[in-house]
Amino acid sequence: MDINVAQLFQTINLNVIMPEVILSVLGMALLLVNVFVPSKSKGYLAWLSLIGIIGAGFVAVTGWGTTVSSFNDSVVQDNFAIFFKMIFLLAAGLAVLISDQYMSREDCNHGELYPIILFTTVGMMLMAAATDLMTIFLGLELMSISLYVLAGFNRDSIKSNEAGMKYFLLGAFSTGFLLYGMALIYGVTGTTRIAKIASLVVQVGGAGNTMLLIGMFLMLTGFLFKIAAAPFHMWTPDVYEGAPTPMTAFMSAGPKAAGFATMLRLLLVVFPAMKAEWSDLLWILAVLTMTVGNFTALRQDNIKRMLAYSSIAHAGYCLVGFASGTATGTSGILFYMLSYTFMNIGAFAVIVLIGKKGEPNGTVMDYAGLGHKRPLLALAMTVFMFSLAGMPPTAGFIGKFYLFSGAVEAGYIWLAIIGVLNSAASVYYYLRVIVFMYFKPGEEEFDWFTISAPVALALVVSAAGSLIPGVIPSLLLQFAQQAVKLI
Amino acid sequence: MDISSVFFALVTVVAIVSALMVVTCKNPINSALSLVLTFFCLATYYAMLNAPFMAAVQIIVYAGAIMVLIVFTIMLLNIRVDANKKGSHQVALGSVMGIVTLLLTGLILTRGKVSQPVGGITSDMINKLGHTELIGKVMFTDFLLPFEVTSILLLVAIVGAVILAKRKLS
């Protein structure tokens, strides 16, 4: 095994990882800029990050329609990866926009926030593009470790400390499962490249090979933890409640999509031969996740906790599409993850605005009277709530429609029915916010909080993103279908 | 019974006893030192499996660096003997996890099918090139990208540790 340097460099195509390179370099540069530019306000770092994120987005889009692999098949640039990279960049961009106002208010406006958001995004993008177990693992670790820091970023808040600590301990535990599974699969097949594993699955006996089967399930456990599916959802409410609100927004959209991206690539590329096994498991988990998420959310007064349970329920809806394994269901996941990013971060942007220092007012009751005092903001929140509840004509409705019709196509009629019933139950707690905003009188002394320009921009983008795909879904859906075709 | 099986049995007994001591010792320093012994036993396994590099890394990183860190933490936090009373639920949870892991391992060993060595890296290759050299070559060819990503991972870990632990930020 002699190294031929010329041959080695032929396998490296830096264009494939160019978005990751841009964000990594920008992140490192911003760390330095933060030290050498003495400025109390860190808003300029947010704008610089945003420029980098948009730039990375443009670079990523140019590869649409092509499939190029690089680094000796460690990483690939295909439609699937690009679609997910767009979701991550969008989540990062929106999170960056809503961060400055919140962090200034909470007195934890440290410039390191933005580089860490960028590094998280790099990790997620590597997960979606990885075609090698080692790359998947390192992408996941890069994402997770950055997220632990982001969750505990508000050092003076005990809740934020608790969130960071809890997420770290449980996250490290789940990583153990993932790594155990990867080790078993490597033991059976002798390779970490997923294309090679895929070609060996049937040869080594498929589901009849217990080691392979256990390896697959252990890996799934690791990812199910990241997407907050029941019964691995215990960490979600505490972490989402304790973490700084913009970071909650970010971690409810980005990492969830990254977990789905890797799960989709693994199960659909590597283990299609074992579909009977994983499909049944995901069926049960989808029902469990939806039901646990929705019925616990019904009882929540704290709006961040409510959205945490709602995010568990949304992972359940996506698992419905996953269990079906049909093109409609899987492209539905892509569509849904993108729309979910818009509507969920939008809702959290409103929470950022309503909140006061230390967040004493995090309950649904604090939204009383908002419809009269801040009609436009209340309207935006209504759009997000309707979209999360899955009412037409929002993106949430179309997304759920495709997820459930995927299940019907695959013959899982009951799964679709349970999904629709769950969706109906969820309307209660989303509408409750709207009822408080419009039909309950607010307190006499209304705090006229300011809406800074970046947050306003984030709200407009999120509202547009929650509405437009609902009215004209065909274009976005076409992209989603092209993306799942190529994996 | 040949000499290597006897040696294996010996190391295994030491490994299990020292691992049990990690969780049963009342004094945290004793626990930590038992952990060192467990790590040495693991290193011995790697050496017996013809993986000298892994054995060396196991000793340098785990028995060396990580253990120093743990012992330092114990000393700095001034954890007193018996301060960490192990609750009954902790014992129950640990036992359940242990049994599950044991069952899993049993299932893999009895039902898993690994009839012959698989993969591109054969023992012939390892014998010819040397274990350490082979790892180096693979790391800078097949796994170049993950290797580079590790550097960003470490950067994030360092920056994150500073943010979360530094006494006063500007």
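Note that Cβ sites are derived from N, Cα and C of the backbone, with glycine treated the same way.
Just so you know, TrEMBL annotations never went through curation; they're auto-generated.
Database features, via TrEMBL:
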{"type": "TRANSMEM", "residues": "A:44-65", "note": "transmembrane segment"}
{"type": "TRANSMEM", "residues": "A:80-99", "note": "transmembrane segment"}
{"type": "TRANSMEM", "residues": "A:111-130", "note": "transmembrane segment"}
{"type": "DOMAIN", "residues": "A:130-423", "note": "domain 'NADH:quinone oxidoreductase/Mrp antiporter transmembrane'"}
{"type": "TRANSMEM", "residues": "A:136-155", "note": "transmembrane segment"}
{"type": "TRANSMEM", "residues": "A:200-225", "note": "transmembrane segment"}
{"type": "TRANSMEM", "residues": "A:257-275", "note": "transmembrane segment"}
{"type": "TRANSMEM", "residues": "A:281-299", "note": "transmembrane segment"}
{"type": "TRANSMEM", "residues": "A:306-327", "note": "transmembrane segment"}
{"type": "TRANSMEM", "residues": "A:333-355", "note": "transmembrane segment"}
{"type": "TRANSMEM", "residues": "A:376-399", "note": "transmembrane segment"}
{"type": "TRANSMEM", "residues": "A:411-431", "note": "transmembrane segment"}
{"type": "TRANSMEM", "residues": "A:451-472", "note": "transmembrane segment"}
Are there 3 or more C-beta pairs under 8 Å linking the transmembrane segment (A:200-225) with the transmembrane segment (A:376-399), counting only pairs at least 6 apart in sequence?
no
Which of A:136-155, A:306-327, A:451-472 contacts the transmembrane segment (A:111-130) most, counting Cβ pairs under 8 Å:
A:136-155
Does the chain bring the transmembrane segment (A:306-327) near the transmembrane segment (A:451-472), so that three or more CB pairs sit under 8 Å (pairs 6 or more apart in sequence)?
no
CB contact flag for the transmembrane segment (A:80-99) and the transmembrane segment (A:281-299), at least three pairs under 8 A
no
Hey, which of A:200-225, A:257-275, A:281-299, A:333-355, A:411-431 has the most Cβ-Cβ pairs under 8 Å against the transmembrane segment (A:451-472)?
A:333-355
One stretch in A:200-225, A:257-275, A:333-355, A:411-431 has more Cβ pairs under 8 Å to the transmembrane segment (A:281-299) than the rest, namely A:411-431
